[in-house]
Amino acid sequence: MGSRLHVQVIHGGPPLPYKDDIRAFGKEYAEQLDAQDPLRRFRDEFIIPSKKDLKRKTLFPNDGMYSCGHPICFANTSCACVHAAETEETSDEKCIYLCGNSLGLQPRSTRKYIDHYLRTWATKGVTGHFVPHDDQLLPPFVDVDEAGAKLMAPIVGALKSEVAVMGTLTANLHLLMASFYRPTPERNKIIIEGKAFPSDHYAVESQIRHHNLDPKDAMVLIEPEDLDRPILDTKYILRVIDENAHSTALILLPAIQFYTGQYFDIQRITAHAQSKGILVGWDCAHAAGNVDLRLHDWNVDFAAWCTYKYLNAGPGGMAALFVHERHGRVDIEQAASGKEAFHPRFSGWWGGDKQTRFLMNNHFVPQQGAAGFQLSNPSVLDMNAVVASLELFNQTSMAEIRKKSLNLTGYLEHLLLRDPQTENSEKRPFSIITPSNPAERGAQLSIRLQPGLLDRVLESLNEDAVIIDERKPDVIRVAPAPLYNTYAEVWRFAQLFHLACDKALCGRK
């Protein structure tokens with residue numbers, strides 16, 4: 001495992017509460033864990049889809065009418081019908097939603113934030129950019145990016161100046177690589193994993209081609225040594241780095257691998273690569289809001305992530321990036337004299353110094369830090385959705401979220417592998433390809449089914465209103481989110497999953 005100061009070392013701490021306790025396989029035990037959960041109040045801050053919601057063919061019940069007969073209208077959120085409908089909805093049986101690694105659930109406050117934005121735009125027009133209001137949830141439009149950065153920074157272990165909430169994930173990776181990938185005849189390779197998320201692969205490949213290089217020569221793929229165990233051991237990654245050290249300019253790896261759920265040793269890999277003169281970037285899409293990151297302390301050069309997974313900002317929500325403070329410094333005196341004063345980057349007006357931004361003098365001096373990498377003014381609509389969720393995260397800490405996540409996912413693993421009826425691995429129709437060491441994974445468990453079972457298992461789970469994620473041909477990804485998932489849900493999922501496997505096996509015979 002190496003020297004991993006950034007994770008809770010399970011084996012060195014007290015035993016998890018469900019170990020060696022036969023009661024752990026009962027519903028009452030799971031409910032007891034929920035009663036003792038210090039984060040349990042956060043579940044009420046999210047809208048959990050009901051079984052009726054999932055099966056309904058329309059977005060609104062009663063053909064767009066409330067049960068009172070009034071038409072649904074979200075423009076008037078003070079209408080008694082709206083609140084009555086919300087009260088009625090909570091009485092429906094909720095689905096089991098274990099898919100926060102794909103799309104997080106909607107915070108209840110999201111609508112309030114967006115309503116405030118719409119009202120500001122409607123009643124203030126362009127003055128909404130600059131005029132503060134006593135009842136505002138966010139500052140005027142011109143300053144919303146600062147509000148997002150302030151809330152995001154502690155979630156990824158960064159200084160506020162090192163974070164910018166902006167753009168989309170792949171676009172941000174391109175911007176960062178345009179700045180940090182500076183190939184020379186001697187050093188022009190980029191090292192990535194062989195099974196990287198396709199968009200990352202495409203981005204790296206196109207960056208190499210952009211510099212008139214051939215990916216066959218300049219792209220190093222770290223492939224799993226054992227296809228039956230698609231995990232990249234840290235020592236193996238370091239060996240690949242050593243083998244290519246003198247010809248490599250950049251490394252881009254995922255903090256957490258999207259398919260296996262493996263949590264890479266960011267601190268160790270970063271330090272090792274940098275000791276060889278290589279810049280290191282991380283795709284934190286599956287890590288932000290999931291594990292307790294320390295991007296500043298680990299000396300990461302740059303990172304990027306989306307906000308629609310564990311950060312619950314909605315489909316395609318605004319992304320974010322990190323640039324370590326040593327790369328974000330701007331020498332104002334040098335810039336004033338026209339000399340090179342900051343790290344090279346693609347530039348846009350919103351990244352310019354706020355004091356001179358509106359002078360329109362075509363002399364670009366970036367803001368200090370990651371803010372200087374911004375291009376255009378951010379979508380205030382999207383920023384409100386981001387901030388609505390980040391406010392919840394800032395009511396606790398990533399250390400507390402990670403602590404519950406370790407227990408919650410560990411409990412799920414325990415129920416799947418240690419159930420007396422399925423403990424015999426030879427008879428079990430599935431295996432878990434995610435690392436068994438809790439320090440080497442996030443919330444997600446990737447479960448590989450025997451060939452031919454996936455569709456039948458998914459059909460059964462769908463009938464029971466269980467929402468998880470699939471990866472063809474035979475893997476499901478299950479990710480309990482600590483802010484809104486419960487131990488009782490995990491227990492119920494394990495029961496339904498075992499039943500689904502039994503049905504699938506019977507159907508195959």
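Every residue gets a Cβ built from N, Cα and C, even glycine.
According to Swiss-Prot, the feature pyridoxal 5'-phosphate binding site maps to LEU169, THR170, PHE197, PRO198, SER199, ASP200, ASP283, HIS286, TYR308, TRP349, ASN377. Using a 10 Å radius centred on the Cβ of TYR308 (pyridoxal 5'-phosphate binding site) and all shown protein chains, the other Cβ atoms total 22.
Annotated N6-(pyridoxal phosphate)lysine per Swiss-Prot: LYS309, in sequence order, evidence recorded as sequence analysis. Look at LYS309 (N6-(pyridoxal phosphate)lysine): DSSP puts it in coil. For LYS309 (N6-(pyridoxal phosphate)lysine), the same-chain residues lying six or more positions away in sequence with a CB closer than 8 A to its CB are GLY100, ASN101, SER102, LEU103, GLY104, ALA285, HIS286, ALA288, GLY289, ASN290.
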The record names LEU169, THR170, PHE197, PRO198, SER199, ASP200, ASP283, HIS286, TYR308, TRP349, ASN377 as the residues that bind pyridoxal 5'-phosphate; what is their largest Cα to Cα distance in Å? 31
Three-class DSSP assignment, ASN377 (pyridoxal 5'-phosphate binding site), comes back as coil
